[in-house]
Amino acid sequence: MDIRLGNGFDVHAFGPGDHVTLCGVKIPHGQGLVGHSDADVAMHTVTDAIYGALAMGDIGQHFPPSDPQWKGAASDIFLKHAVAQASEQGFEINNVDCTLICEFPKIGPHAQAMREAMARIMGMALSRISVKATTSERLGFTGRGEGIACIATAALVRA
């Protein structure tokens with residue numbers, strides 16, 4: 001049985017705005033996230049985890065931030081590409097575990113909608129998508145409220 005695990009990590013700083021987009025869900029907040037695309041740190045991290053499991057590098061290799069066509073792009077484009085690559089190589093994504101690290105906004109009230117959005121985008125059962133959050137106990141840049149970090153793991157199984 002061919003099982004692959006991939007890990008992803010990403011960070012985005014807070015900047016001007018009135019919401020953040022996480023897992024494709026708009027969450028009201030006094031600031032936005034800064035990035036070349038829509039700065040969906042969670043979706044970027046899951047995308048990188050899938051590319052990692054496939055040994056295909058990272059999101060920046062497939063969608064370079066130096067390429068103006070990706071300016072402001074919706075991150076589901078990137079995630080759908082990674083999911084398609086897995087399928088083309090004969091893999092099914094067994095499950096995804098995504099952990100957001102931030103003091104705010106509070107993720108709990110939005111976690112179910114985030115899971116549902118990711119399941120829809122990835123074409124997976126909701127029971128195979130985990131989205132959760134923790135804080136850094138007010139340490140580091142996330143603890144100071146300067147941005148959001150995210151880690152994710154994706155498990156792929158040869159179909």
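Start at 1 and count along the chain as shown; that gives each residue its number.
Cβ coordinates come from backbone N, Cα and C, glycine included.
Of the residues HIS29, HIS36, HIS44, HIS62, Swiss-Prot places HIS44 in the same divalent metal cation site as ASP10, HIS12. The secondary structure of HIS12 (divalent metal cation binding site), as reduced to three states from DSSP, is extended strand. Checking each of the recorded positions (HIS12, HIS36, HIS44, THR135) against ILE59 (4-CDP-2-C-methyl-D-erythritol 2-phosphate binding site), the C-alpha distance stays within 10 Å for HIS44. Distance from the CA of HIS36 (site 'Transition state stabilizer') to the CA of PHE141 (4-CDP-2-C-methyl-D-erythritol 2-phosphate binding site) is 20 Å.
Sequence-distant neighbours of ASP10 (divalent metal cation binding site) (same chain, 6+ apart, CB under 8 A from its CB) are VAL41, HIS44, THR45, ASP48, ALA149, CYS150. Closest to THR135 (site 'Transition state stabilizer') in space, going by CA atoms and restricting to the recorded positions HIS12, HIS36, SER37, is HIS12.
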